[in-house]
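Colleague: This is the structure I have questions about; it appears just below.
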Amino acid sequence: MYVVSTKQMLNNAQRGGYAVPAFNIHNLETMQVVVETAASMHAPVIIAGTPGTFTHAGTENLMALVSAMAKQYHHPLVIHLDHHTKFDDIAQKVRSGVRSVMIDASHLPFAQNISRVKEVVDFCHRFDVSVEAELGQLGGQEDDVQVNEADAFYTNPVQAREFAEATGIDSLAVAIGTAHGMYARAPALDFSRLENIRQWVNLPLVLHGASGLSTKDIQQTIKLGICKINVATELKNAFSQALKNYLTEHPEATDPRDYLQSAKSAMRDVVSKVIADCGCEGRA
């Protein structure tokens, strides 16, 4: 069909009581698996890329690929800037046709976070681009940004309302105990905090760091207002481990078209499970 923005997609999720998964892609194979699986399950999905991914693949190349695959599979897709921090970088990609942005200024003091985010919102809304921002900060690593667990902090529900009203954002990423990367042990999510945030903020809420969360935890966050679930590390790990296993078992393999099939199969299992956990099958 066409490349769309996240605003209507997440508003539909909020009304319908499900979440839309955002999968961070890193190469053609990741994109193929996400789109093919989503189309077969008739599920809305978001194609997310960090600054590193856009640098690796090229903005114009990614835009062309997403557009072509949306038409090929007759399936609405979103291409989303994940954890972008620089205004000029965001502006350039918006002018190239991107319609969904996450401006991450969560490392800044509250007032500066508002100022930085509002600048991006004011620009993006001129182009009908939806904007997500984060209040609170997750531990772990995303691209080249490393946040020590000791420096991570949770979203303040009262501040969340002020932040949403002052910036004009379309969705809010919250920090309730998740982290980027995989978990050494199951995280203790602060569900009461999430419920409180929901009472103060009527925007679609976003959960980053969902790789490795249990089905039960994911579905509980959705009941409490999460409308977008971000998954990155789980896909990378599935791809990498399957590829390592295949090449160990088949050291003579030299054709990427052959040995990448095992990696795609492993990722397909992850994507289908996340879609099922989010309750969005049949919602596209």
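Keep in mind that glycine also has a Cβ here, set from the backbone N, Cα and C atoms.
Copied straight from Swiss-Prot:
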- Asp82: active site, proton donor (ACT_SITE)
- His83, His180, His208: Zn(2+) binding site (BINDING)
- Gly181, Gly209, Ala210, Ser211, Asn230, Val231, Ala232, Thr233: dihydroxyacetone phosphate binding site (BINDING)
Colleague: Quick check: in three-state DSSP terms, what is Thr233 (dihydroxyacetone phosphate binding site)?
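Modeller: For Thr233 (dihydroxyacetone phosphate binding site) - judged by DSSP and reduced to three states - the answer is helix.
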Colleague: Can you check what DSSP calls His83 (Zn(2+) binding site), collapsed to helix, strand or coil?
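Modeller: Going by the DSSP assignment, His83 (Zn(2+) binding site) falls within a strand, counted as strand.
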Colleague: To see if you understand the setup: which same-chain residues, six or more apart in sequence, place their Cβ under 8 Å from that of Asn230 (dihydroxyacetone phosphate binding site)?
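Modeller: Within the chain, Asn230 (dihydroxyacetone phosphate binding site) has Cβ neighbours under 8 Å at Pro21, Ala22, Asn24, Ala48, Asp82, Val206, Leu207, His208, Gly209, Ala210.
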Colleague: So of Asp82, Ala210, Thr233, which of the recorded positions has the fewest other Cβ atoms within 10 Å around its own Cβ?
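Modeller: Lowest Cβ count within 10 Å among the recorded positions (Asp82, Ala210, Thr233) is Thr233.
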Colleague: Ten-angstrom check, please: count other Cβ atoms within 10 Å of the Cβ of Ala232 (dihydroxyacetone phosphate binding site), all chains counted.
Modeller: 26
Colleague: Roughly how many Å separate the Cα of Ser211 (dihydroxyacetone phosphate binding site) from that of His83 (Zn(2+) binding site), to the nearest whole number?
Modeller: 16
Colleague: Provide, as an integer number of angstrom, the distance between the C-alpha atoms of Ala232 (dihydroxyacetone phosphate binding site) and His83 (Zn(2+) binding site).
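Modeller: A Cα-Cα distance of 12 Å.
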Colleague: Fewest other CB within 10 angstroms, which one of the binding-site residues His83, His208?
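Modeller: Counting other Cβ atoms within 10 Å of each of the binding-site residues His83, His208, the minimum falls on His83.
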